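Engineer: Reproduced below are the annotations present in TrEMBL:
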- D:30-330: domain 'Aminotransferase class V' (DOMAIN)
- D:Lys195: N6-(pyridoxal phosphate)lysine (MOD_RES)
- D:Arg340: substrate binding site (BINDING)
Protein chains: 4
Amino acid sequence: MQGRHFLHIPGPSPIPDRILRAIAMPIIDHRSAEFAALGKEVLDGSKAVFKTKQPVVIYPSSGTGAWEAAIVNTLSPGDTVLMAETGHFATLWKTIATRFGVEVELIPGDWRRGADPAAIEARLSEDKSRQIKAVMVVHNETSTGATSRVAEIRKAIDAAGHPALFMVDTISSLASVDYRHDEWQVDVTVSGSQKGLMLPPGLSFNAVSEKALAASKSNTLPRSFWDWQEMIKINAGGFFPYTPATNLLYGLKEALAMLREEGLDNVFSRHQRLASACRAAVKAWGLEVLCQNPAEHSPVLTAVLMPPSHDADRFRKIALEKYNISLGSGLGKVAGKVFRIGHLGECNELALLGALSGVEMGLAAAGVPHRSGGVAAAMAEFEGSESGNQAKAVA
Amino acid sequence: MQGRHFLHIPGPSPIPDRILRAIAMPIIDHRSAEFAALGKEVLDGSKAVFKTKQPVVIYPSSGTGAWEAAIVNTLSPGDTVLMAETGHFATLWKTIATRFGVEVELIPGDWRRGADPAAIEARLSEDKSRQIKAVMVVHNETSTGATSRVAEIRKAIDAAGHPALFMVDTISSLASVDYRHDEWQVDVTVSGSQKGLMLPPGLSFNAVSEKALAASKSNTLPRSFWDWQEMIKINAGGFFPYTPATNLLYGLKEALAMLREEGLDNVFSRHQRLASACRAAVKAWGLEVLCQNPAEHSPVLTAVLMPPSHDADRFRKIALEKYNISLGSGLGKVAGKVFRIGHLGECNELALLGALSGVEMGLAAAGVPHRSGGVAAAMAEFEGSESGNQAKAVA
Amino acid sequence: MQGRHFLHIPGPSPIPDRILRAIAMPIIDHRSAEFAALGKEVLDGSKAVFKTKQPVVIYPSSGTGAWEAAIVNTLSPGDTVLMAETGHFATLWKTIATRFGVEVELIPGDWRRGADPAAIEARLSEDKSRQIKAVMVVHNETSTGATSRVAEIRKAIDAAGHPALFMVDTISSLASVDYRHDEWQVDVTVSGSQKGLMLPPGLSFNAVSEKALAASKSNTLPRSFWDWQEMIKINAGGFFPYTPATNLLYGLKEALAMLREEGLDNVFSRHQRLASACRAAVKAWGLEVLCQNPAEHSPVLTAVLMPPSHDADRFRKIALEKYNISLGSGLGKVAGKVFRIGHLGECNELALLGALSGVEMGLAAAGVPHRSGGVAAAMAEFEGSESGNQAKAVA
Amino acid sequence: MQGRHFLHIPGPSPIPDRILRAIAMPIIDHRSAEFAALGKEVLDGSKAVFKTKQPVVIYPSSGTGAWEAAIVNTLSPGDTVLMAETGHFATLWKTIATRFGVEVELIPGDWRRGADPAAIEARLSEDKSRQIKAVMVVHNETSTGATSRVAEIRKAIDAAGHPALFMVDTISSLASVDYRHDEWQVDVTVSGSQKGLMLPPGLSFNAVSEKALAASKSNTLPRSFWDWQEMIKINAGGFFPYTPATNLLYGLKEALAMLREEGLDNVFSRHQRLASACRAAVKAWGLEVLCQNPAEHSPVLTAVLMPPSHDADRFRKIALEKYNISLGSGLGKVAGKVFRIGHLGECNELALLGALSGVEMGLAAAGVPHRSGGVAAAMAEFEGSESGNQAKAVA
């Protein structure tokens, strides 16, 4: 496998050179004034990405830890929470909650759409005794490429007049898809470093509302590493209660700078453009996008259904060996049945088109029935979206 | 502050260039065959450093997480454990255990020596009803520079015929000080990446005995992120149950290679040599080393007592501003009263002598009463130890 | 301009991550044993790339310097040499020779093919008095994308029985296109670091035959920096007569390792495959490849003629601004009339297809008349060439 | 050899991490607008370091090339120039001039002092027929550690009323020692990247006066690569006439930023402080500094005479093997008799003291007669110079 590898899994996303150089800086004393300046900068800067003025907690751990942190800081054994079965990652989060003695009511799903606001409203409305302590939703379900409508779910909760905490996993959406922690009154937003933030895995996040902080004072799950209270207190000075992952924080500082330079709105529209072109390619190949709700197509990845009796992993292996491209595998109950094309982080038009070329040639090499013309359709989509933009700009 | 910074805190230790370049490699698919080869290499290679044939669990978290992992995998609320008050970090570990409902019996200490094997034996012998579930000791107490005699504590436990688990924190000793997980029958060895392994913070370790694994099947503390069972099962294939900190694993691979190249025994004797020279300097300055037991002087750091009424942090600040050197602060109850000189990781003779020059000139600049000649004494110690070595080699 | 830049000029070629990390290693004493080992390794390793057992001289300069070195080491003012007008770079080399008082006879050319062996043979055969001291040819003319047939030119010289030195510029062909310094009895092969060797600019090369070395003892052009004799003498120990570009030599060591790992023959066939796919795209667009001789199409770049009255540089600017791709400009007398697509160095299938997508969309954006389908044609060419290979492998 | 290497040769100087990261940035199109901005920035920024408003030419070559450039751009075969035998590098520059047919009159020297302004004035005054076309002086003679008084030599030339060009080699002094191209009316200042500029070798410089430019229009030495006229013309747009060493220019941009941040005057006084402390150490050891004129002690290196019958290279080898320090060898007629301690570039107090510790212990290990106390004397010198500064500040 020669030359540049095309890493098009839905995360970790390729790490930009700028960030790789940033994490390779010599380490400094994590109790120094120099560190405090760094700490303040990344803690403050992260708030802009979550669109919040409330505390953002940064853990030296991968995203799974931040899932756990949301649970152990707010819930107690025996509590009931409401989740939506959007796919593999929603299922994993459910498992974690269960391990901590939390009862999870799961609104069933077919892994082909986001969480259903109406179903959530209905269930909450029924819950007259307010047994449900939290609604927990995965914003962008990385296993299926469906992005739940968080703003609408917020409205659903409000419509039901229910006091449940609202906890949202944005591990694969943050900094790629529009997200508004404060405006949507999310209580805990969970995230990670290795997707839209373009960093290596190893940092994770909880953005925390006052309501969540209040809950953390009375819940009974034991915790230490994940505890918000001490973290937030010590963060005030730019420091951390235990040794932080300094080199990844260097990377975070650089990532925040890159996002500011491009502008978050431009980042979001770029991801929409990439996703739209990717779906055009899938359609041209005569294949099916896993997500069936056009309002919920993910801007960060596209999961593609294989034709019956064709193994997605065999295809992925052939594409990797012949064309040096990594695609995402199907996970959980769609294992072997779908492959996933990541188009997040620093991805741009030509990187995606290179990747789609690899998919198209890989399908051929693997003998998977398909029509050619996917790359051409993606190019046409890019050109059309620009014409559209220009037309709008003129109007 | 111009030129190379002399980072002589007792961790994070300076990261060698080789490792900085390694962590700056592009990220790969953590579900690929290429990753599995990396995973197996670092999981196996880590065993050699712990001197164990049993599983070593690698967490994408800082060392504090590995402390918590040892507790939540083996203990239950209400369990009693025996700890020794060797200093600040032993106290922190105790606090974590307490947060999880564990009762901690603390053998009091004056922060000037390691854990006392005789006291541990005495207490265990008294414990006829075997209430004590674990003995938990910090190998190298980073706050005081005292290194507990783990092999002797093992003997003390055996002498008492007590079945308690033996859990040892080697966060600041692993790969710098001789340590033998299997030979000393330690049940859980806790460690971290940013000291003797010369990596950035962000990886932590549990080496786990069969007895500890058995305990993890019956204890009742809830856990998910820290759970050994799933981790060890999935590690068998070179993979991890959730996204690993790939770039730090690149660094770990390089660190393991560096340790192999130098030879662990050479690494250990180098640290002894550096520590010995550092103490010679302290003695020449007419200052006092905090650790009072010569058998327990730390090879990785030297904590130095300030003369009465002189503030250690003021001195550290002046040394930093004038000479671009970072020294460790006093922590906990010795805050302001001691400063700590780190000499671990890639430290060598000339790096230490440069640092000691900075301390000696810093003491003068801060008006701290002392005799000059510390650097000269350290040089003499280096030269003497070599003569000694040569004499031995000849004999 | 966001995300990964597609650098598809015909050199400098994109520098692989491995090489960027290699050149970022700390510098060492250029008079040390450690350096001598590096020096010997790269001096020896370079010979394999030139396919020679004779000395290869490495200058700390860009390629233009190696052009000058070939001249000042072998020729004298008033000497006559024979060159072929293959394009802009042949013209530049001629200019340099002229500046040193050398008379250049230029076989005229139309910039659409390589040097004509027959014309060279004819001219040499006429030269009964052996006035012509050297035949100087550019192997791969980077301005036009035509690769001269060096083996056939060698035969032409031999057929004429002429004793002229044979000097070949391989700046943009070495390590991308088959080349054999010894077998083809080339006397001076000139090269540079920033093309097939995938390094930054800053190293240049002269591979030198015994005949050339003999000429360098009697020619009269003054020289010092470029002088072979002292260089070769001191190179024997792995050292250089003046401070070498150590960090670039680190990169050269890594580049040589990469070439060995892939295998030179595989490198050559990969470049052929890329070039063939690129020409298929150009043909599908209805545009014309500048080079008209199929036997001389360059494996490292493809120069494309713009339709009349369309400015190549305007197109290149639009492609850069909209799609973050750099294409090569037309140089000299084809300025504005051609653009050049580089596909050399670490380039692979998907990188080229991404680039071709950028060209195709850029042509549309710039309003340049063309048919779509170039990328599709390139994909078909890749797939066909593989079928072809497989067919051959079977047969 | 373990841990950080102490590179204390008088160049290449250790490359700061910032610069290593800068040179590892991906390469860009050297004909792009992005490059032009870089080109202008470094061309302009370099002027500030030379203290000139006149053109500074940057070659993609090591410093030896810039020596040659000064000669071939201004002189003609048969011209006579006046040089001073300050040491090995002056002798090398003389050799180069001779190779180009220039007659060199060498004012003899004992390699223990700088060029003598009085001798230069005397010789120029004698030269009634103005045969001498140039006075060529090495500012900081890297082989001896003597820094010639360029301002006084300028006065000497003026006192003689002689029209000779004034050419000065600042390869090892630029950006470390006060230097003023315009104020001192130097016509050609030669320099290199790997000393005070803290870069890898591979860039060299000519700062050029109008008088020198005028000379370059009428002299007769042939040239192309080194030609100023074309270079300066094309530099106006931020470009170069041939492929520049882009990655080293990235480093130059960073180096210029570092020098601006520290302030050139602070850089100069830091080097004075380091040199003064180094000489104090040598004196305390009872050894002799090679340079005998206190007004000419080099701020960038200190050459130390070995006691009779002790081989400097044997000592250097032992110091390297035991203490991982590289010291400079004696060159030319002082080979084996002196070793050289480099204290230039990013060197600071503690780095130098670490190095001096290595020298002191190395002398002992090699059995070289000396007194101990050198490091202590250097510390005292640092402390004294600060007291002195404070006293001055108070006064």
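Using the three backbone atoms N, Cα and C, a Cβ is placed for every residue, glycine included.
Keep in mind that this is a model prediction, so the values were computed, not measured.
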Engineer: Roughly where does the domain 'Aminotransferase class V' (D:30-330) sit in mean pLDDT, to the nearest integer?
Structural biologist: 98
Engineer: Looking only at DSSP and grouping its letters into three states, which state does D:Arg340 (substrate binding site) belong to?
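Structural biologist: DSSP call for D:Arg340 (substrate binding site): strand.
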Engineer: Please list, in sequence order, the residues in the chain of D:Arg340 (substrate binding site) that are at least six apart in sequence and whose C-beta is under 8 Å away from its C-beta.
Structural biologist: D:Ile9, D:Pro10, D:Thr142, D:Ser143, D:Gly145, D:Leu301, D:Thr302, D:Ala303, D:Val304, D:Leu327, D:Gly328, D:Ser329, D:Gly330
Engineer: Who sits close to the residue listed as 'N6-(pyridoxal phosphate)lysine': which same-chain residues at least 6 apart have their Cβ under 8 Å from its Cβ?
Structural biologist: D:Pro10, D:Gly11, D:Pro12, D:Ser13, D:Ile171, D:Ser172, D:Ser173, D:Leu174, D:Ala175, D:Ser176, D:Val300, D:Leu344, D:Gly345
Engineer: Translate the DSSP assignment of D:Lys195 (N6-(pyridoxal phosphate)lysine) into the three-state scheme.
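Structural biologist: Once the DSSP labels are grouped into three classes, D:Lys195 (N6-(pyridoxal phosphate)lysine) ends up as coil.
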